[in-house]
Amino acid sequence: MVKICCLGAGYVGGPTMAVIALKCPAIEVCVVDISVPRIAAWNSDQLPIYEPGLDEVVKQCRGRNLFFSNDIEKHVAEADIIFVSVNTPTKTRGLGAGKAADLTYWESAARMIADVAKSDKIVVEKSTVPVKTAEAIEKILTHNSKGINFQILSNPEFLAEGTAIEDLLKPDRVLIGGRETPEGQKAVKALKDVYANWVPEDSILITNLWSAELSKLAANAFLAQRISSVNAISALCEATGANVTEVAYAVGKDSRIGPKFLNASVGFGGSCFQKDILNLVYICECNGLPEVANYWKQVIKINDYQKSRFVNRVVSSMFNTVSGKKIAVLGFAFKKDTGDTRETAAIDVCKGLLGDKAKISIYDPQVTEDQIQRDLTMNKFDWDHPIHLQPMSPTAVKQVSVTWDAYEKPAFLFDGRNVIDAEKMREIGFIVYSIGKPLDPWLKDMPAVA
Ligand SMILES: NC(=O)c1ccc[n+]([C@@H]2O[C@H](COP(=O)([O-])OP(=O)(O)OC[C@H]3O[C@@H](n4cnc5c(N)ncnc54)[C@H](O)[C@@H]3O)[C@@H](O)[C@H]2O)c1
Ligand SMILES: O=c1ccn([C@@H]2O[C@H](COP(=O)(O)OP(=O)(O)O[C@H]3O[C@H](CO)[C@@H](O)[C@H](O)[C@H]3O)[C@@H](O)[C@H]2O)c(=O)[nH]1
């Protein structure tokens, strides 16, 4: 029986391995993690992450061929294929701080694998990593290999949170990169055979290692770039009376452009887009390509601009101050159908409003009060480390309250996702701002915002 071990029981490791276990009953899958509470939660009825459809898949396989454990070394030693799906946050200090990927967790995982392995292993990069990481990992693994053969594969994950199970069951593609040697190709085939249990052959793409690693960063950069493009146009819509929904629809009807990922918003969030673009920018700089680096940097600049533009709209429409004013925030996670708050635009918006002394009341049924308080006090990039290694937030933000009832009625409504029926709300008496839509007469008379 083939044995798979996955290091990292997070948003990627958990769902990905659950679906492999579901689709490959002949394979034993064990997901391991350094966090004790996280593994305890995976073994309970209250899974550590919210993802539609995940509970059912886990219930079906757990105890059959899917296991969650803190006994990392035992499961690594026994496995034929080891997926590494640990955190790869943005570096906060030292060379490349604020841009480069911090590979501390990856490196310690690789050293541990090298230490405990007693038989040949296929080691799969599931985390998103800089191009050429496989080369460094190979060095660590083979440095003291005691005659053991390690093959490194790159198999980046493309799932989106909120639709992870759907994405894993029907992926647009599975990408596998490996060495172009006979041993490398044998390892590629072994991993391909796993996915071939449910993914059509022509959707499994085989490339060299560096193409696979770079494709992941490039895909996220392209996706984020579409959002920044439509968000840039949303500002122009507001200035001209055009409607961004109509513009995006008309643009997306061109089959070369396509309709997806063109929803204007308060800005993209999530643990991946910003981190991966910063990483791409850093790699371009290191390779002497400043023009390319600046091109991608602009995607993040527009995203930051969109978030502060939204805050400025709120403040300027309430006579240029929100000091002491009660503002309800509906939704705190970075998108619907998830409780994940990593890099959510809501953090920047709340911090912006708190900077102007607003009193904020937050409602999100998937996010705990403790998490919201941590998010509003945490330093930049600390959020992407394993939760038990994050610094504790020193004090709670007093102007913030968290509510479990969404029905409180403010006079103004600022829709950062264009999800409400603005006309209906206006009929009830609200003053409404929707991103990229013709402005309410009230807002038109207020000072212009940048
Ligand atoms: N979240 C997504 O939607 C998504 C999608 C595709 C790729 N990715 C990438 O996948 C990787 C993981 O992301 P995530 O969202 O699952 O993160 P996560 O924080 O949810 O999970 C990572 C887990 O790894 C554990 N860990 C850290 N070091 C470890 C070690 N040495 N041994 C065992 N466990 C260890 C942590 O405790 C944590 O539970 C990142 O590189 C990310 O960029 C994420
Ligand atoms: O038209 C759109 C689409 C998305 N968003 C926002 O963009 C962010 C990211 O959304 P999404 O991409 O759906 O979720 P993620 O879970 O961050 O998934 C992205 O990042 C993952 C991690 O690398 C990749 O695996 C996925 O393919 C990639 O879509 C969220 O804040 C969305 O609200 C918009 O503002 N407008």
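Glycine is treated like the rest: Cβ placed from N, Cα and C.
Just so you know, TrEMBL annotations are computer predictions that nobody has curated.
Quick look at what TrEMBL annotates:
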BINDING   8-13, Asp33, Arg38, 86-90, 127-128, Glu161, 272-275, Arg342  NAD(+) binding site
ACT_SITE  Cys272  active site, nucleophile
DOMAIN    328-422  domain 'UDP-glucose/GDP-mannose dehydrogenase C-terminal'
Would you mind checking how many other C-beta atoms are within 10 angstroms of the C-beta on Cys272 (active site, nucleophile)?
-> 24
For ligand 2, pick out the recorded positions Gly8, Tyr11, Asp33, Thr90, Cys272 that have a CB under 6 angstroms away from one of its atoms.
-> Cys272
Kindly assign Gln274 (NAD(+) binding site) to one of the three DSSP-derived states: helix, strand or coil.
-> helix
Counts by DSSP class (helix H/G/I, strand E/B, coil) across the domain 'UDP-glucose/GDP-mannose dehydrogenase C-terminal' (328-422) = 27 helix, 15 strand, 53 coil
Average pLDDT across the domain 'UDP-glucose/GDP-mannose dehydrogenase C-terminal' (328-422), rounded to a whole number = 88
Measuring CB to CB from Gly8 (NAD(+) binding site), give everything in the same chain under 8 Å that is also at least six residues away in sequence.
-> Val31, Asp33, Val84, Ser85, Val86, Asn87, Lys126, Ser127
List the Cα distance (Å, whole number) between Cys272 (active site, nucleophile) and Tyr11 (NAD(+) binding site).
-> 12
Within the chain of Glu161 (NAD(+) binding site), which residues six or more apart in sequence place their C-beta under 8 angstroms from its C-beta?
-> Tyr11, Glu51, Gly270, Phe334, Lys335, Asp337, Thr338, Asp340
For Thr90 (NAD(+) binding site), the number of neighbouring Cβ atoms whose distance to its own Cβ is within 10 Å equals 20
